[in-house]
Amino acid sequence: MQIALLSEDPNRQSELEAIATRWGLEHDEDNVFALVLTDKQLELRKRDEPKLGAIFVDLVSGAVAHRRKFGGGKGQSIAKAVGLNKGATPIVLDGTAGLGRDAFVLASLGCKVQMVERHPVVAALLDDGLARAKQDAEIGVWVAERMSLLHASSHDALEQLMAQDDFVQPDVVYLDPMYPHPVNKKKSALVKKEMRVFQSLVGADNDADALLAPALSMATKRVVVKRPDYAEWLDNQKPSMAIETKKNRFDVYVNAAMA
């Protein structure tokens, strides 16, 4: 994939080249999107809209840290959806990892989470944020133990993983496909910015419906699909149950009891 690759720290140019090689990125000077390596982090910028600022993965501070400390623990909806309130600590595969926020919440509650991200730029951002989180004195140890990243299309990845001899099937497959955002729906400034940049970079998740069948084959216990409250069921399949929040709902497809 082509994108502008820029290093603001001359000492990190070789790191940027390694990132490009790892994720299959080619430098395009005129690209509207730039992947920028600063002295602190890897970030994505939309060069024709500088007011949008930079997008990067921060699992250590800010909103993510606040949610980890004050978000309601195992009583929050996502925890109930994956079955944490049943006394189990499931192994989770997050098939649409994005910036890793939901995966991080589940890992902070004790789950081992394998993240799959199909877009190379998003995967590169997530990998950088994960590496920085692993260095943090407060959370680094358990982040390293519980969170891992695989870059591949979720559809292909699920089948590829199932074919591996040493692969341990997850208890839960978690999906949060990108969904078109109605103009009249209110979102926070941060989420609006990210959605705007991501949807122009990644495009719509038009093949999201195709995720459900392989997810149901892979999960030993359940599949959880996060949807906006106004969205239809994924692949038009009715879930076993739904857990509703103010703006979203978690559609739960049960294969077996959590016990």
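Each residue, glycine too, has its Cβ placed from N, Cα and C.
There are 21 other Cβ atoms within 10 Å of the Cβ belonging to Asp102 (S-adenosyl-L-methionine binding site). Annotated S-adenosyl-L-methionine binding site per Swiss-Prot: Arg101, Asp102, Glu117, Arg118, Ser153, Ser154, Asp176, in sequence order, evidence recorded as sequence analysis.
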DSSP state at Arg118 (S-adenosyl-L-methionine binding site), helix/strand/coil: coil
Least surrounded among the binding-site residues, given as Glu117, Asp176, when other CB atoms within 10 Å are counted: Asp176
